[in-house]
Structures are given as C-alpha cells and as structure tokens.
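Read the structure below first, then the notes.
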Amino acid sequence: MNSLSKAPWKLNRLFISIFLIVVILLVTYQVFFIVNQYPDILNKPKEWWNHAYPPRLNRLGNDVVLKNVTSLKKIQYDFPYSSFRREFIETPEERELRESRRESIKQGFLHAWNGYVKYAWGADEILPISNLPRNSYNGWGASIVDALDTMWIMDLKEEFKNATEHISHINFNSSVIPISIFETTIRYLGGMLSAYELSGDEMLLEKAKQLGEAMIPCFNSPTGLPYNNWNLTRGLIDGTYKPYSTGILAQVGTLHLEYMKLAQLTGNSTFFYKVQNVTDVLDKAVKKIPGLYPTFISQETGRFLNYDVVSFGANADSFYEYLIKQYLFVGGAIDQYRRMYEESIDSMHEYLIKEGQVKNRPDLLFLGEIYHGFLPRMEHLSCFVPGMLAIGSKTLNRPKDLEVAIKLGETCYWAYNSTTTGIGPEDFYFLQKNVTVDEKTRWMQKNQKDTVLPDGIYKLNGNYLLRPETVESLFILYRVTGDKSYQEKGWKIWKAIEKWCKTESAYSGLYNVASNKEIVQNNNMESFFLAETLKYLYLLFSTPDVISLDDYVFNTEAHPLLRMKP
C-alpha cells in the first residue's frame, strides 16, 4: 500500500479518536453533573447552605447556588487593641480589677459545679438547699451538657473532660417519658453543638446528630410544626404517634439555630428544611397586628388560636430573639428573617413600649403585653429585648433601636436596683405615663403587704429564678457601646447574687426579692444558671475578643455558635 492510500485511514483513525475522547468527556461531565446536582444517588449530602432558599429552579430542576452570604455590618464597638501584640489596651489597674471580678465569677461557677458533682452528679439539677438531685429534663444530666461551653470558656479543662466522659455514655435515642422538644433542643442539642465547635471533640457532634435525628419525627404534624412534647422511644417506632398539644410560639419557633447548625456540620439538609418550614408556616399565618405573633398556634391547621394574647415574655420571647439571630447566622442570605424581624420590632415600638410614672426617671421605658387590650406588665424574661435590639440596630442600621435598647436596659437594671435585695423580680405591673390610678390598681397595691414596691410599680411578683436576661443585655450593651458602666451594673448584680443566693453547695433562687421581712431561698437552681447567667457575667469581664459578637451568635440558652461567613 502506498503512502497516498494510507492517508485516509490515518485520518479516519484521528477522527474516531477525537470522537471517542469527546464522548468520554461528555459522559464524565454528565456523571459529575448528576452526582453533584442529585447527591442522593451516592448518598452524598445535599448541603442547604450552598443552595438558594426558596429554591429557584431551572428547567432541569437544579437549585441555584447561594452566593448571598456576607459578613454583615460590625456589631461590636471598636475597642482599643495594640497593633503590635493585639492586646486589649487598658491600664494595669483596670486589668487587675477586671480580672479579679472575672475570677470571682469563675469561683462562683466552681462552687455551684462542685456542689452538683458532690450531691447530684448525673442528674439534671441539684436542689441547692436540701442537696438532693432532681430530674426535670429526662435525667440525661442537663446541668452537665448545659455547662459544657461555660467550662471551656472559663478554661476549666479537667471539669470539661469529666463532663464529656459522662455524655459519651448517654443514649439520646430513647426517653422513658415525653421530653420537651424546646428545652431539649436549646439545652442539650445547643450545648453539645457549641462545645463541639469550641473544643473540636467529635464525640459531641456524633451525640448531637443522634439526638437531632431522634427528635426529627416530632415535626410530623399536619403542618410540620413540632409537637411540644415527644416520646423519643415511641416516636421512632410508632408512625401513628401524635401527642395532643397546643402549639406555643416560643416552643415551635426556637429550634432554628440549633437545627441549622446541625445541618451545616453534618451535611444533612433535612434538619434545615424542617425548621425552615416552621418559619414559613408562622410567616404566612394571619396576625391581627403585622409582626406581632399570638402566643398559641394549632399544629393541625397552622392558625393562631388567640389573636389578643401577644408578649415578648413567657411563651413567645425566644421566637423574636431568633429572627435576627437566624439572619446573622446565615450572613443575611435569607432575607425573610430580616423582614419578619423588622415587622415585629416596628410593631413592638408602636404598640408595646410605653413611658412610666417613675419620679425623676423619665428616661425609663417599659415593655408591656397585649392581653385583650394593652397590659402594663413587664417580665424578667423580656429583658433579653435590650440586647436583641442592640444587635439588630448595628446589623440593620437602625439607630433608633439602640436608643430604645439603652433605655429598656436601664429599666431592667432599675428593677434590680429598686428592690431590697438588689435582685430583679420575675415580673411587675407599671403605671403608664398620664394614666390615672383607679380603684383596681389601689386594691392591688394594698394587697402587696409584705413587699416594698418600687416607685411607679403597683404589683410585683418577687420570685427570682436565677434568670440571665438582664445580665445578658448588660453584656451585649457593653460589647456594642463600649460603655464600662454596664460592667459596674453587672458587678453589682453579681454581688447581690453572692449575698442572697449562695448556699453551702450552690446557689438558690428567692421567693421574694422585695420582701420587707426575711429573704427566703426557694431551693432551686436550674441548669441555665451555669449555662447563661454565669457565662454572661464572665464574658462581661473578659476581653472583647473572647466570643466576639462579630463571630458568634448565642442561642437562647447562651450557647455560642459560629456564624456563617463568605
């Protein structure tokens, strides 16, 4: 065969080779495309944070990649740091004072923790007067899990190690009785996720995943709103199990940070879509006043049950708290959270915030409720609002919110500073500006025989449960404004707690903080005292780079979770 006859054959082989290469490339591309767009084929997790929500679908049904995660605006005040060693700038005297106060709070934690270890190890709580254990949260050791990140932040590594050893043996797949989904999520799930991010202990993430998966069936209501209480054992084996309950706003609406973080860390987007559906249901439900969500809702219909009961206190508080925190967590990528938050805060300004009748204190603002009309009642639980407003003001450029936050924060501290113990009450009824005192109000005042009523207050519930909300707001206001007066206020509150609440083994709440007789302890210390109250006080006297608000968002049990960044 001559060279001319060989040429067409060589040319054909070249074309065939090129054709085969193109086919191989196309097949490889299709396999790669399918695996990435339809990850369930190879059980690869479909990561929700890499996709738009709500999904915008093209003709092939592929999610558009989410590119909206931003750093958002800075929250913390520009505290002075040296450029050379990145040290917080303060005088030796200021540093000594700050560190001595922080050490005092750390010793307070150790006092309570050691009492718990001695008398109630493995139980949920210690009864701090009788020195007996108590189980209120399924007996998994709520105080242990709740206090994990506090121990890590306080550099109590030996205590942390002992706590994680206990947690490694807990079976989160079963429960003897129905558990509170809300309390279990914020204390246990939030506690383990936060401690995992701080410490890197993989066991904590595995246990968090186990618990999160065990609770997923509680979302199987007709609307997807979670049931309040759930028997884990029965829920995992009985598909017909549907416990009757009335949905409570705070309980159905305060699971988002924990489940979104769990989705991010595990790659299982089911966790995200379950709680995002809850947001959608609440968003679409009819409200009497835009942005003000009634306290009770049906899990069967998704409709609110009483349009004339609205509060930023009990049964509702943390739902509002989470709206701005969800927006922070996703770096502003889901604008729905911002819109819902701003609607709520705008209506709160208009309908719930009032001036009072406290002599020589016209600066004080009060946060009331709606109960078939305006109710001039302010709860300790609602004293998280100043901190929430301060964070939102910086994030969303709402300067008025910071002004109101400062005034409400002053009211919450005033409620402490106006009692005989220097500790704030569970709630109180205030006199509104320009409202005349009527006979019913006078009758209420007369019936507070054993209570010293602060000026401008006509009824007071003097219980103190070692709650954290006021010190939480003092901590945030300090980090936002740089005003050291918030440290002084926090220190004064801590000294009052040390004086009135300390027991031989731990700390106890009080029956009446404003009593004109003997101050009596109530033999109760919930795990949030270790998780929240002491942590916020400790952080108030830490350098501002420790758990910065520009890097972390706190769940409602004060467990810091890393925010998503670009």
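Note: Cβ is positioned from N, Cα and C throughout, glycine not excepted.
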Disulphide partner cysteine [TrEMBL] for C383, chosen from C412, C501: C412
C412 (disulfide bond): nearby active-site residues from E183, D317, E426, E469, Cα cut-off 10 Å: E469
Shortest C-alpha distance to C383 (disulfide bond) - which of the active-site residues E183, D317, E469: E469
Inter-residue Cα distance where the pair is E469 (active site) and E183 (active site, proton donor), in Å: 17
Residues that sit under 8 angstroms from D317 (active site) by C-beta distance, when 6+ apart in the chain: A250, S311, L381, S382, F384, T556
E469 (active site) and E426 (active site, proton donor), distance between Cα atoms, whole Å: 11
Per-residue Cβ crowding (10 Å cut-off), top of active-site residues E183, E426, E469: E469
